[in-house]
Amino acid sequence: MRRLLQPCWWIFFLKITSSVLHDVVCFPALTEGYVGSLHESRHGSSVQIRRRKASGDPYWGYSGTYGPEHWVTSSEKCGGSHQSPIDIVDHQAHVLYEYQELQLDGFDNESSNKTWMKNTGKTVAILLKDDYFVSGAGLPGRFKAEKVEFHWGQSNGSAGSEHSINGKRFPVEMQIYFYNPDDFDSFGTAVLENREVGAMAVFFQVSQRDNSALDPIIRGLKGVVHHEKETFLDPFVLRDLLPTSLGSYYRYTGSLTTPPCSEIVEWIIFRKPVPISYHQLEAFYSIFTTEQQDHVKSVEYLRNNFRPQQRLNNRKVSKSAVKDAWSQDMTDILENPLGTEASKACSTPPVNMKVQPVNRTALLVTWNQPETIYHPPIMNYMISYSWTKNEDEKEKTFTKDSDKDLKAIISHVSPDILYLFRVQAVCRNEMRSDFSQTMLFQANTTRIFEGTRIVKTGVPTASPASSADMAPISSGSSTWTSSGLPFSFVSMATGMGPSSSGSQATVASVVTSTLLAGLGFSGSSISSFPSSVWPTRLPTAAAPTKQAGRPVVATTEPAAASPGPERDSALTKDGEGAEEGEKDEKSESEDGEREHEEEDEKEAEKKEKSRATAAAEARNSTEPSVATASPNWTAEEEGNKTVSGEEPNQNVVPKAGRPEEESFTDADTQPQPLPSTQVPPAFTDELYLEKIPRRPETTRKPLPKDNRFLEEYPSDNKFITINPADKNSSSMATRPSPGKMEWIIPLIVVSALTFVCLILLIAVLVYWRKCFQTAHFYVEDSSSPRVVPNESIPIIPIPDDMEAIPVKQFVKHISELYSNNQHGFSEDFEEVQRCTADMNITAEHSNHPDNKHKNRYINILAYDHSRVKLRPLPGKDSKHSDYINANYVSGYNKAKAYIATQGPLKSTFEDFWRMIWAQHTGIIVMITNLVEKGRRKCDQYWPTENSEEYGNIIVTLKSTNIHACYTVRPLHGQEHKDEKGSERKPKGRQNERTVIQYHYTQWPDMGVPEYALPVLTFVRRSSAARTPHMGPVVVHCSAGVGRTGTYIVIDSMLQQIKDKSTVNVLGFLKHIRTQRNYLVQTEEQYIFIHDALLEAILGKETEVSANQLHSYVNSILIPGIGGKTRLEKQFKLVTQCNAKYVECFSAQKDCNKEKNRNSSVVPSERARVGLAPLPGMKGTDYINASYIMGYYRSNENVITQHPLPHTTKDFWRMIWDHNAQIIVMLPDNQSLAEDEFVYWPSREESMNCEAFTVTLISKDRLCLSNEEQIIIHDFILEATQDDYVLEVRHFQCPKWPNPDAPISSTFELINVIKEEALTRDGPTIVHDEYGAVSAGTLCALTTLSQQLENENAVDVFQVAKMINLMRPGVFTDIEQYQFLYKAMLSLVSTKENGNGPMTLDKNGAVMASDESDPAESMESLV
């Protein structure tokens, strides 16, 4: 009984919920004013404004007392001298070589469903939740994009951009803001700290067609119409919102364009715009904001949200130096950027076009000059005419060279063929006018066509006309005058609208045989339709925008039959039109807020009503009727939006009295024209389904009894006909009665709501059945289909050797993948993502309600068929205690080689260690930090000190070995209880085990490490630690997919390279993707795998144990087949680095070039030491200094040049900013002048560096074994604003390394520095004259000696290459590289305490004894 009642309660609950949701969604006003409501109030509140002001965030706007001219009162920075936006004068911008290609990472990826849009009241912002990185283009580093903002104008494509080019502004400007993620965790933090940020400006220019890339943005705009509204965006590609070519851009330094106006922005302004249609532009003009003026707030349209342009004030605007980027003529972009009438065409169309027969084979085409010329003069006219013969479409075009000759004779015409004529004016620079009206001519029949539809009636009139008169008509309508037999037809949608692009369109492509057949030209004549029923329209340019929403009332007075101004206006009856217009205009201003609020709710109702209206017209096609209103898609109904790109001022709905009922009166015997701004109805199959707008309700005469059957039995015929016997046949179609509308609309609405509720009911029942019922009745039984996982999953087999790539061809393979903008990588990764799409791989246990809390991320699940099953615990929850979010993953030639799992949660520590113990795991690979970017990524599942108990396992931390990029922690585990809780007797060492954790600390989430070499070392060492008796290696990051999968693929491929000398990344990854979802999560990680494997193949394993170093050195000195030694090959790899690692943009800036002693020895962007920038001074964040990886820390050392006189304070600022406490000064061969040599203060006078002072407090000397001395200075750096003090020790060293001293003495200085560094924090600053070989050698030997002490092994190649990667140009000669091997051989020999028959002379040469092999001596290194 209980189970039967539960669905009933759910149905009752659903009914109440659906009612509440309906009220909330359909009537958002009901929820306004409540905190956290589904639809927040778009009005804001005085409480919110007071709270904003109280928090110190001043209110500002774009107009009134809070407008841009008043920003400076609340934000002083807005009055600065380097403000934005500016006008860019192209010919004054100079090309700078440092501004090369812009590098975009992640911009080609589709956005996630976390990306959302918000109406801030000042703009519409897109908050980017994915990783988008920007570098190059002279930017000082790699920046991360965080948000996108838009600025637009008033309406109709008017100027709205903040920046301009040569004084030309654009309708919309999109701005993408980015910051340096290495220093800050958000853009706002960087602004608060007044640190350098960047912005890209993209202009939107009006085009004829919709830009499909903007569709998700436009849909998002419709969801944030009101202030403070937010919505998630459909996936979009950010790169598609940028210009197709990114090579041409401008660069300048400016400010934020909104308060606080911080002057910290590096602007990138793209020259080329992005297209956007008028229809898409309307979405921007429909955005609302809440404005505050004094103590009154009001809801207004958000328009003109741009800041006035600021003075340049001696700033320089630069242009990119990308090859061929500026070769194109700028006139195509800058001539007419706004997309208004004046910019789309050079003039209005030619007018008064006529076609007259001269004789049986010739026609005369005449026209008048355009009424308005936007870009004079007119050079000539282009006449186009087309026809169809034998189902072949043909077209001819010729030009009248004279702008005064306004006629043309067309010869060799046939009286039996339909011709289409149109004329276009041609101005300078190939600019053209819109096309004139299109004339359709056959014998004595002429038709005028203009607009995007051809509309035809379906019956003859009572009195056919006998003349061939022609009269212009409104857009989308047509006039026929002729005599002949009756025929029937329907309207057909065409693409023959006026051209705005200035280019000639093809008419013949439109006038197909179907169209001509529909026109009735099959040898018979055409019956006429009274031309008086067709309205005319004012020229587009002459129709004011504000009149678009005003009503016009038809009258009983007939209109003039001839074209002219008298006919171009609508008449009113006894002043009613004006009165009603004023009333409606007032109502619109008062109720505009309400109308726009209900706009979305009415949209479905309007569509249904329009369809019902069209159906009723079709059913009553033979009924007598009066003139009806045109389709209504006006500003009043659509919020000033247009449909299908139509002008908003062309379709105005006549309105009289009540909005529910509108009537038109006419004389019984005189047909009446519609108002000048109306369009006759035109329905086709396409229009009926997609574009039929809502029509106003009108009254009509009741149906005759003999025609009532049409209402009861509607026909499927979609023709719109008129009863020829009725004298009142002055309209094309009829309207259903008000009685019909009273039940049609409620029926549609109720049906729709019922359908929605039914769908919701089904969804809720399914969800209840799946979750709630399962939670209560879940039984661990083989007969339950809900809990039996699908373990027969079609696994992608490991590809055979035919698909593997030989190592020798791998370099070529990678170069092919990198070609064409990394297109090969993109294709491969798409294939990886698709490989499991069609497989029915389940994750039932992860989705079970009792297990969901054990998942760190809701979308990272453990596949059922490969999941790791724990031994169930006894107790009431035992049936679900076997679950952990972990999967077995295959390795190279070994099943279940790894366990890929998530970073353990606190609640799953016990499960994690139960898995470790049950699987006999000896190695844990951790590739995440506990907290990254302020977010918890993993919980600490090992003890910090002493021991921790996790379930029945006691874990003890034995030691912590810290390296530059990873940490090793041996963990001792002991099982002290069995599952039943009783004490277990120890059996030898079975209950104890050592588990080693390898923790990589320099791998960012969803990203890749900066360098591949340290990763290879980490993978090799963790893999080598595994012994045959161990179980699977447990690998985890945060989610256990991206970084975890990358590690597994690299490790497996290294084993395959070693075993078979082949690589198959794609095949292997597709195979393991069937075992755990999302392994290798991003394309960037997929590329990194290849980079790491390439590094491994080229460099091979270069780590050598101390006892094998001597033989290894001899082996690399033996020449190979080509005559080169391995030592030479190694050094070539040391000096040849990937270009992306050695980018040096900051050092090449004009403002920084003079700060470099040698332009060939400068810091790479990835390792550059940054300074806190000084406000208002460009380039103050730069110093010629590089971080150098040491043995214990990735930023253990800093190599820099000897300070120049004008960079001395920068040098001390670096010491202060980075808390450096040791300075090692190495003199070079060239002696410096005294004033340049000494960069520190004397005892008598301190050095003032603004934020701090430098004071020398002591000076001492330290004697070395060779009687040389080290001069030691002790300094104190004291803050001027607080009590902070930094103690710095300065070592002024003698000549090092000394060529006249034994090599063993080289390490004497190193030992002094190492001993001092043990007691001090911060990096060690090492400098010689250029920051090159002497400093690099000291850092290299320090790291190698520490490696030898701790690991009894050395890797000279990796240390030297890492130094050259982080500071290009340090090691440039092979002798410098050889010296590192010499020094380490000397150190190994010293440690072995005379082991081996070697002695060293003063020059470092080996004196071999008689019994030694000369080839094994160090002499071979010379």
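Any Cβ shown, glycine's included, is placed from N, Cα and C.
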Of Asp1005, Asp1059, Asp1091, Asp1150, residue recorded by Swiss-Prot at the substrate site of Cys1037, Ser1038, Ala1039, Gly1040, Val1041, Gly1042, Arg1043, Gln1081: Asp1005
Task: Tell me, from Cys26, Cys78, Cys427, which cysteine Swiss-Prot puts in a disulphide with Cys261.
output: Cys78
Message: Looking at 316-342, 1234-1260, 1396-1422, I want to know which stretch Swiss-Prot calls region 'Disordered'.
response: 1396-1422
Task: Of the residues Asn109, Asn790, give the one that Swiss-Prot describes as N-linked glycosylation site.
output: Asn109
- request: List the other residues in this chain whose Cβ sits within 8 Å of the Cβ centroid of the substrate site residues Asp1005, Cys1037, Ser1038, Ala1039, Gly1040, Val1041, Gly1042, Arg1043, Gln1081, in sequence order.
  value: Ile860, Ile927, Thr928, Met1006, Thr1044, Gly1045, Tyr1078
- request: Check the domain 'Tyrosine-protein phosphatase 2' (1127-1387) for me and report the mean pLDDT.
  value: 89
- prompt: Roughly how many angstrom lie between the C-alpha atoms of Cys78 (disulfide bond) and Gly1040 (substrate binding site)?
  reply: 47
Which listed residue (Cys78, Cys261, Asp1005, Gly1040, Gln1081) has most other Cβ within 10 Å, given these are recorded positions: Gly1040
Task: Whole-number Å only: compute the distance from the Cα of Gln1081 (substrate binding site) to the Cα of Cys261 (disulfide bond).
output: 39
Task: Between Gly1040 (substrate binding site) and Cys261 (disulfide bond), find the distance joining the two CA atoms and give it rounded to the nearest Å.
output: 43
Span of the substrate site, taken as the largest CA to CA distance across Asp1005, Cys1037, Ser1038, Ala1039, Gly1040, Val1041, Gly1042, Arg1043, Gln1081 (Å, rounded to a whole number): 12
Task: Specify the count of other C-beta atoms within 10 Å of the C-beta of Gly1042 (substrate binding site).
output: 25
Query: DSSP three-state call for Asp1005 (substrate binding site): helix, strand or coil?
result: coil
Query: Where does Cys261 (disulfide bond) sit by DSSP, helix, strand or coil?
result: coil
Task: With an 8 Å cut-off on Cβ-Cβ distance and a minimum sequence separation of at least 6, pull the same-chain contacts of Ser1038 (substrate binding site), or say none.
output: Arg856, Gln902, Gly903, Thr928, Glu932, Lys937, Cys938, Asp1005
- request: Do me a favour and check the Cα-Cα span between Cys261 (disulfide bond) and Gly1042 (substrate binding site); whole Å is fine.
  value: 39
